[in-house]
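Q: Shown below is the structure under consideration.
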C-alpha cells in the first residue's frame with residue numbers, strides 16, 4: 001500500500017477524514033500544515049503574515065519530497081494549496097474531497113475562518129477555489145463526494161482501496 005493523500009479546499013474535511021482513515025486502517029496520520037507549523041514555530045496564519053506565502057509554499061514543497069522517502073504508508077492530510085506543487089505526483093494515492101464553495105463556507109465558523117488567511121476575502125477565496133478545482137481534479141487518483149459527511153467520505157475511500 002502507498003500513502004493515502006487527501007487533497008481539497010480548506011474546510012473540505014481532510015483532517016477529520018484522515019483521523020478516521022488512520023483508525024480504520026491502523027496507519028499513522030500526518031498533517032502537512034501541522035508539521036510545517038511545528039517546525040517553523042508559527043501557525044499557518046503566522047507563517048503567511050510573518051514570512052509570506054512564498055516561504056510557506058517552499059516549506060510545503062520540501063515536505064512533499066521528504067514524505068516521499070518514508071518507507072511505510074501513511075495517511076497524509078494536506079493544506080488546500082498543496083496541489084500547486086508539481087512534485088505532488090508520486091506521493092501516493094490521492095483522494096480529492098470535492099465539495100461546493102457555499103457548503104465549505106457554511107461548514108467553517110467565524111473562528112475557523114480567522115485561522116485561514118486565504119479566507120479573509122470571500123470573493124477572492126471563491127476565485128481561488130475555482131482555480132484550484134482544476135488542479136484538484138488533475139491531481140486526484142479518485143474523487144470523493146464530500147457533501148455527504150464524514151462517514152460517507154470514509155466509506156467511499158475504503159471502497160476505492162478495497
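Quick reminder: no glycine exception, Cβ is built from N, Cα and C everywhere.
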Q: Given that Swiss-Prot annotates 33, 57, 132 as binding substrate, state which candidate in 11, 80, 90 belongs to that site as well.
A: 80
Q: Just to be sure I understand the packing, how many Cβ atoms besides its own are within 10 Å of the Cβ of residue 13 (ATP binding site)?
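A: I get 22 for this one.
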Q: Rank the binding-site residues 12, 15, 16 by the number of other Cβ atoms within 10 Å of each Cβ and report the first-ranked residue.
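A: The largest 10 Å Cβ neighbour count belongs to 12.
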Q: Which one is closest to residue 11 (ATP binding site) in space, judged by CA to CA distance, out of the binding-site residues 33, 57, 80, 132?
A: 80
Q: Taking each of 13, 15, 16 in turn, which of these binding-site residues have a Cα lying within 10 angstroms of the Cα of residue 80 (substrate binding site)?
A: none
